[in-house]
Amino acid sequence: MFIDTAKIFVKSGKGGDGSISFRREKYIAFGGPDGGDGGKGGNVVLVVDPNMTTLLDFTYKRKYKAEPGGNGAGSKCFGKNGKDLHIKVPMGTIVKDAETDKIMADLSKPEDSYVVAKGGRGGKGNCRFTTPTRQAPDFAEPGMPEEERWIKLELKLLADVGLIGFPNVGKSTLLSVVSKARPKIANYHFTTLKPNLGVVSIEGVNNFVIADIPGIIEGASEGVGLGLDFLRHVERTRVLIHVIDISSVEGRDPYDDFLKINDELKRYSVKLYDRPQIIAANKSDMLFDEEKFEEFKTKVEKHGYNKVFKISAATKQGVDDLMKEAARLLSTIPVTDLEISEEDRFIEEEKRFTYSIRKEDNTYIVEGSFVDRLLNAVNVNDPDDLRYFHKVLKNKGVMEELMEMGIEDGDVVRLNDFEFDFLL
């Protein structure tokens, strides 16, 4: 089975909490704080595996979670870092955020990897908060929360040349002749239900990868037939070989087929439509009127397609010349990465350390993940903790933003269940 799309849930590891601890040893008075930091949570990392060819594995397992960081401990013992979780994906995998449908990564090289969910940073232990005026802090930071999201994986074949054309025009036969690939071949439409790859090796030219893409029909750009499943794989190729049944044994007009396929390419992507295209007039061994080929060639050339080859995949007539021309064209076209527009690119939002302020009557309400994290770290009933609390609010710009909003002495500031009067 060929699976080329998948949707999975990923969750990184939470950062370990910092420790609140004081040194307690016989004969050592006032040992001081010795709480260690929490460990970092594990990342979820997508890693290219060149041996994988489909996304089939993700139909059986859809949820992936990395290891959390260990909590800090006394004696300045740091928590253990959580292990990263590596998820193998095939080359040519596009990673998208499921919520926004924006592209996060294009994993198209053997060494490619991408951190799709970052582990939370470990919280600082209380030994980190000592100052000349705060000798015994009894607070520590909690670990940063984990990241979690649903992501979509789309596999796009990494082939140099794509064979396109209506069903049953001989694409699979051509692939089997020019490579060692053995696709299913039969005399009915949509025999090929998944893309097949083969390596073309001809003396005197560089080897290249060719893909037999499932047949396209009218309306494919709107999802008809194999539709978008077909077109997704054509995007990666640098050269297209447009296979036409010149014999018309099924009653179709070759020129009409040529126009319809190119119209679908153009509807789907202008860049795809403009890609170099070689026309392969196949099944010429069944053509009994040579004028029909010349007439077809003349019409096609008027559209700017000057590379028209009369071939027979069944008898191998003209096939070598066709492949040599494909190799020549490839040598003139550099390999480029998938272009991702700014509109389509996923922008990571920092959700783990944010806040917002709104005003209700004379009360200013500060809320968000920043507030939750700060209040979890301090004891608001302790004077030392409160001094640290106000220092953090000032350093993070909360006080400045409150003043810009017009706060006055005596106005109430609320952070979750904790309230205090604002004083300049």
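If you go along the chain as it appears here, the first residue is 1 and each next one adds 1.
Placed from the backbone N, Cα and C atoms, the Cβ positions cover glycine too.
Note that the structure is a prediction, hence the values are computed from the model and not measured.
Swiss-Prot has this to say about the protein:
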BINDING   165-172, 190-194, 212-215, 282-285, 312-314  GTP binding site
BINDING   Ser172, Thr192  Mg(2+) binding site
DOMAIN    1-158  domain 'Obg'
DOMAIN    159-331  domain 'OBG-type G'
DOMAIN    345-424  domain 'OCT'
Request  = Other Cβ atoms within 10 Å is the metric here; tell me which of the binding-site residues Lys171, Lys283 scores highest.
outcome  = Lys171
Distance, Ser172 (Mg(2+) binding site) to Gly165 (GTP binding site) (CA atoms, angstrom) = 11
Note = DSSP puts the residues of the domain 'OCT' (345-424) at 29 helix, 19 strand, 32 coil
Spatial separation of Ser312 (GTP binding site) from Ser172 (Mg(2+) binding site) - C-alpha basis, Å = 12
Task = Measure from the Cβ of Ser312 (GTP binding site) and count the other Cβ atoms within 10 Å, all protein chains considered.
result = 22
Query = Counting other Cβ atoms within 10 Å of each Cβ, which of the binding-site residues Asn168, Ser172 scores lowest?
reply = Asn168
Ask   = Across the domain 'OCT' (345-424), what does the pLDDT come to on average, as a whole number?
value = 82
Query = DSSP on Ser312 (GTP binding site), three-state: which is it?
reply = strand
Task = Could you tell me which three-state DSSP class Lys171 (GTP binding site) falls into?
result = helix
Query = By a simple count, how many Cβ atoms lie within 10 Å of the Cβ of Gly165 (GTP binding site), its own Cβ left out?
reply = 25
